[in-house]
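Colleague: Just passing along the structure, written as structure tokens.
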4 protein chains.
Amino acid sequence: MATTVDPQQATENNHHLVKSDDSKHPANLIPALCRKFWTLGWVSGTGGGASIRDNDLVYLAPSGVSKELMEPSNIYVLSMSAQRDPKKRIYLRSPPHLKPSQCTPLFMAAFTKRNASCCIHTHSQWAVLVTLLLESQSPSSRLFEINNIEQIKGFGKGFGKQGNLGYHDTLRIPVIENTPHEEDLTEYLEEAMEQYPDTYAVLVRRHGVYVWGDTVDKAKAQAESLDYLFQLAVQMRKLGLPWVSNIEQVGPS
Amino acid sequence: MATTVDPQQATENNHHLVKSDDSKHPANLIPALCRKFWTLGWVSGTGGGASIRDNDLVYLAPSGVSKELMEPSNIYVLSMSAQRDPKKRIYLRSPPHLKPSQCTPLFMAAFTKRNASCCIHTHSQWAVLVTLLLESQSPSSRLFEINNIEQIKGFGKGFGKQGNLGYHDTLRIPVIENTPHEEDLTEYLEEAMEQYPDTYAVLVRRHGVYVWGDTVDKAKAQAESLDYLFQLAVQMRKLGLPWVSNIEQVGPS
Amino acid sequence: MATTVDPQQATENNHHLVKSDDSKHPANLIPALCRKFWTLGWVSGTGGGASIRDNDLVYLAPSGVSKELMEPSNIYVLSMSAQRDPKKRIYLRSPPHLKPSQCTPLFMAAFTKRNASCCIHTHSQWAVLVTLLLESQSPSSRLFEINNIEQIKGFGKGFGKQGNLGYHDTLRIPVIENTPHEEDLTEYLEEAMEQYPDTYAVLVRRHGVYVWGDTVDKAKAQAESLDYLFQLAVQMRKLGLPWVSNIEQVGPS
Amino acid sequence: MATTVDPQQATENNHHLVKSDDSKHPANLIPALCRKFWTLGWVSGTGGGASIRDNDLVYLAPSGVSKELMEPSNIYVLSMSAQRDPKKRIYLRSPPHLKPSQCTPLFMAAFTKRNASCCIHTHSQWAVLVTLLLESQSPSSRLFEINNIEQIKGFGKGFGKQGNLGYHDTLRIPVIENTPHEEDLTEYLEEAMEQYPDTYAVLVRRHGVYVWGDTVDKAKAQAESLDYLFQLAVQMRKLGLPWVSNIEQVGPS
């Protein structure tokens, strides 16, 4: 499915890059995923987004459109190899009358530093509330931790590692502070990736979360599992239940 | 798409005004939007509504119908220029067996005083709860304020101003008291527009919210972003988290 | 649309009574309504139901089927005039392999005592929680009251009365105690109708609610408005907000 | 619909076993049920699953796929009679590129020990929260109990017994501790079945629930009723309402 394009064509509108009858083509998958994300409250009010990398090509949702109404013709296409300077991104395909997403450099970080194939950004309220609850404990708290919940097994052990986390493992998701301009988050995101090399997600304070995966299916599954855990964590807090526990205390005798 | 109609024809039922194969035609958009709003709980029990202005023509949902089942043939059409006296509205097109919405003068206020192209009215419980929480603090409290939440960037800076609010900006939505007859809200709504010239929305105590935008897409996006913030605000209150904060205290060192 | 049938035919399976191309035919409307109610959580696990009366004929959902999967062929049909003894109901049409709903005598009460055209029974958790909250205040508390909420205007003033309740009016919904056998609720329901002749709904403790209307549209709208108010009431309780207030205290000065 | 297959064919891919135009065929029903379960939040992030037994044949959802996107071609098929050693399960049909579900031995327990026709496994947060609330009262608490709620009537009296529970009956669902490997739950599940022979469900601490039924419809209805009760129980706890009550105290005088 990998299509290579001469970056010199970048000024032209390579519509063929987003035209396919294959429902698994990134230009068809992104709108389908975003329709689903809208029903989950992840991309309300044009917030959030998603990007898929297919070998050298990166497919991106545009900025400021109703994500559940997006169409393949709205998709941007970048070339990985053509990215010499992140400040000078070369778009192989740019939809008319639209703006590229401010999330682009953050998606690119997941592709270049973690070799991800898909990165999802949500404004899920559960993610935002988790960052607010951490902040209320300590303004400088930078880590969400939860353990002994089955859904944790929905996450891979980490970049380049085989297998998934276990039930007793503690899932750790770093939190970075939000910035006025989303592009400025990139530095913080990359720092968090360095500090937590095994994480597949980074929370953004009072903003949302970025989640990625080795495949589109894994990115989607990890995004769903993480939102499940964020929602559960908020409910647990309302009920006075701790996020981290020593299960030995409660195991069968 | 602007169709002009001789007000003298007002007694006739200009069905052609609501008949179009274009999914973007206001008479098709309003039912599509209302179906979506119903799934969000914004227009339960025939409450709420939406109106779109296309140049001189104003398209309105009727009163007292199941909003998710509305059809183009149920849409009312008014002429802006034909509105000499708001008490004597001239309908270019009136569906048989239906009543015009009591919200009409409020929608008109957004069109005439803010040059909006679309105005949405919801009975969202999150909006109602926010007005109740403000009232419980002080019966005369007339302003919802929230800041340092990413979704705030989903709002324009204000009427006639370029660009959107920033992450650190404080979003301010005025609250007006409810009245027994919805038409009587108009005066309060217009006062709130005068007092807060940059607002794109006005909360109505124990009732809901009116949101508008320069385009249909912007009105929809601002309505979604606002409901997101109202819901978040209610959750924050349940968790003892303040709506307004000095982010410097929690920013990265 | 009124079809009359010789009660002597009751032993035959009058399939024609539930066969129609008209989407507004009761045998098509009931499954369509129940599909919608399932998405609202009103009829989970085969609970709840709905009935429509068309002149002499009463159409009923069966017992113990997944309400969102119901089909016109699953609908029972009764004759009002043929009901001499409620204990000996004559079904003009009985689907094979199904059981009639235990709610039947309660639906019939709305049709015979209030001349309703549609009656909806939900197991909505919001309705159940409201009855539990009332019980926790006083085990014998038999009345849900709420006022000064716009959605209250979604209710008619009462049986045989013109117009709807006003914003300042107090909506009163009687609560009856649940019984082991649903049919035994009938007596309590009829007593509540006598005591509150203007009510369009009766709550059943720890069970759900019955709502009816002069038309199918009004019954649906009142059911939605009531569930909206029950959900709002539960949220208000969580936030320490009273259900009944003297609005003069908070009105504009 | 019972198809018998020579276990010797197990190495072959009997695609005909999952190919049918009948929407009630297990290979069509499982994907349809899982699409519905996904919308309920029961199978987020590839969690949970479902299995149907048709006489000698057992149809199973695979592991690690987006349950709402599952297709009949993804379904595994086992032969009951061919199961000599649970450690050596013989698959009559195995989809290429997929892994069998770790839930398989737990589903098999419901089929072999309770003669169930369908078993559903959800990661519903309401189920998880109920197990956490029980744990917070007493780490060794092993039983969820609720009574005097109408929806309890949605459950059968027990294995081999006629009729359903009554309104005043107490529904008891045993809780087993979670294990790192899902297959290791089987022993605990079977113990719980022995200790509570009438139960149609077993909660798994910090994990979810297994629910089964004599038919597919009954399993689905019991799964929905149980999730309804778990959600209600969490709401009751938030509102300070007890799960078990002596209804005589609140009955009509």
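Cβ from N, Cα, C; glycine included.
Just so you know, TrEMBL annotations are computer predictions that nobody has curated.
From a predicted model like this one, the values you see are computed outputs, not experimental measurements.
Pasting the feature list from TrEMBL:
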| type | residues | note |
| --- | --- | --- |
| COMPBIAS | A:1-12 | compositional bias 'Polar residues' |
| REGION | A:1-24 | region 'Disordered' |
| COMPBIAS | A:13-24 | compositional bias 'Basic and acidic residues' |
| DOMAIN | A:28-234 | domain 'Class II aldolase/adducin N-terminal' |
| BINDING | A:Cys103 | substrate binding site |
| BINDING | A:His121, A:His123, A:His207 | Zn(2+) binding site |
| ACT_SITE | A:Glu150 | active site, proton donor/acceptor |
Colleague: Which of A:Cys103, A:His121, A:His123, A:Glu150, A:His207 (recorded positions) reach within a Cβ distance of under 8 Å of chain B?
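Modeller: Contact set vs B: A:His123, A:His207.
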Colleague: Rank aside, I only need the closest one: which of the binding-site residues A:Cys103, A:His123, A:His207 has its C-alpha nearest to that of A:Glu150 (active site, proton donor/acceptor)?
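Modeller: With Cα distances computed to A:Glu150 (active site, proton donor/acceptor), the winner among A:Cys103, A:His123, A:His207 is A:His123.
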Colleague: Report, as a single number, how many Cβ atoms besides its own are within 10 Å of the Cβ of A:His123 (Zn(2+) binding site).
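Modeller: Its Cβ has 27 other Cβ atoms within 10 Å.
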Colleague: For A:Cys103 (substrate binding site), write down the residues of its own chain that are at least 6 apart in sequence and whose Cβ falls under 8 Å from its Cβ; none is a fine answer.
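Modeller: Result: A:Gly49, A:Ser51, A:Leu60, A:His121, A:Glu182, A:Tyr210.
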Colleague: Reported in the order helix, strand, coil, what are the DSSP residue counts of the compositional bias 'Basic and acidic residues' (A:13-24)?
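Modeller: For the compositional bias 'Basic and acidic residues' (A:13-24), the helix, strand and coil counts are 4 helix, 0 strand, 8 coil.
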Colleague: Residues with Cβ closer than 8 Å to the Cβ of A:His207 (Zn(2+) binding site), same chain and 6+ apart in sequence?
Modeller: A:His123, A:Val128, A:Thr131, A:Asn178
Colleague: Please name the residue among the recorded positions A:His121, A:Glu150 whose C-beta has the most neighbouring C-beta atoms within 10 angstroms.
Modeller: A:His121
Colleague: Can you name the recorded positions among A:Cys103, A:His121, A:His123, A:Glu150, A:His207 whose Cβ is less than 8 Å from some Cβ in chain D?
Modeller: A:Glu150
